[in-house]
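Read through the structure below, which is laid out as structure tokens, and then see the notes.
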């Protein structure tokens, strides 16, 4: 009985770290963390008599000022304060939701992959407020069993030192050689070293502060300060016997059974702060080790890094490394595969709506043409082959188009009857009043379209590298009207204010769901919409979007440009115009005519090149300027939001060019309308 109790107690003690110590339901989580850490990123002041707010997704409490000043782990507070529509709130007085750090993957957030960071199930730290996808847990975390663990213990709570006094021979930021570098910076807590580029993006005050720490021998790099480490499963460089060697980090439960007898390795894996690695040696039987997370750095972005020059004498290792780069096994930035938790999502996160919210804001100033003269062909009227006047100016026919057509026919027959009576001809029994519409007007797709109709022809599902896409469930013929692009109709200025504010968060996965419907209004489908919001861009699209007037209101109709096969992805050209100072997002359409970026150069615009491995340049079609970060290599976290979160205004000459383009389009529209009026006038006198 005693042995059974001891065995039971041992099992309980082995899993006791899986019991959370604090749930922060009665006190501010920032205040608690401040007392347990000396990190420079923690806010230093707190208004203790301030009312506690509660996270909108859990019971975690915090003070308002503490939350807004919290920067630990590169947390961006303003990105987690949402308004009633679900967008980041520009005016805090309109805040409806506050989300604590437990509801985003800290690793994805630090990599600036902030869209995926808020998707999928997360695994929280047992001792603090940070969380990760199961496939994004960082090295040094106490994560014994991927199946049973409900929590992990992150390296913030590990008391582990580096094992070597040597540092990297190359700069962690620019990957340049540090041989003979007089301004080399060496972190006292890890093996990272930097050149003077470390100070790029820092304020003069911060530079002076860092230099004082360097003189005292207390320099701590930002990777250690913000706990920005590689994740378990990444390729890394690890210290062994004073030198860096390539390796791959593994989960603790992947330790080979042949090594379970190695008490030292097993004991280390039972503590936070260590990570299991497999050396990259090009051998059939690999070697394993367990090292401190402070002895590990991320893999260089290129085989051209000077660290690889030392491996010319180790051909097996160098060849194995080159093969990894050749097979694209080393991933950086937006090229990182989606976490499994995100891949398992079956549908994107948005609220489905039938028609656009505030849709009547986009009213047309043009009077409707009214009835058309389309005759019946195969039981239908107003088709593409009819040359319908309403359709030619992107306008749906009136709701009672068939009745108006029948009335026109009745009047015409009545006039003909009177003419025949006056000429003495006999009038048949069938009276003109009995004429009925014997055809159905089909130029009323948007008026009759239902949200459920989308499911008959299309479906949303994950793509390989473009997030969610829309695919044809059955063959679609050319010219078929598919759906309406719906969302929230917003004034142009308000839309761009929100867009620029969101752009300051420097999200490399930032998506744009706005589509211009008139010169003054945009339809934003970020949080409200239907399947059309998931249609991806292509430089050679198979669909098009046109603004159509329905009952005096502009609406957006999606139609097929050509025949679309079953299973083929639906795409249209976003038509983004890139002006001076704007950067186009990388295009992944794969078409032969692909432009490389999403967007076309407008008058005076200059192409901005970017690399998917380089997180310095923003992959977004918005003006560059003050943002949450202009440079990923840690300086991103230093640049905080300006007071109003605004970006520089568009140059005056560009505004003039835009105005001229708008006036030219307006002139062409009224010219087309005048031609239509002339045709109607002529037909009325026939």
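Yeah, the Cβs are placed from backbone N, Cα and C, and that goes for glycine too.
Annotations in TrEMBL come from automatic prediction, not curation.
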- Task: Among 604-628, 629-653, 654-678, find the range that TrEMBL records as region 'Disordered'.
- Result: 604-628
- What are the helix, strand and coil residue counts for the domain 'Post-SET' (583-599) according to DSSP? 0 helix, 4 strand, 13 coil
- For the domain 'SET' (456-575), the DSSP residue counts stand at 18 helix, 52 strand, 50 coil
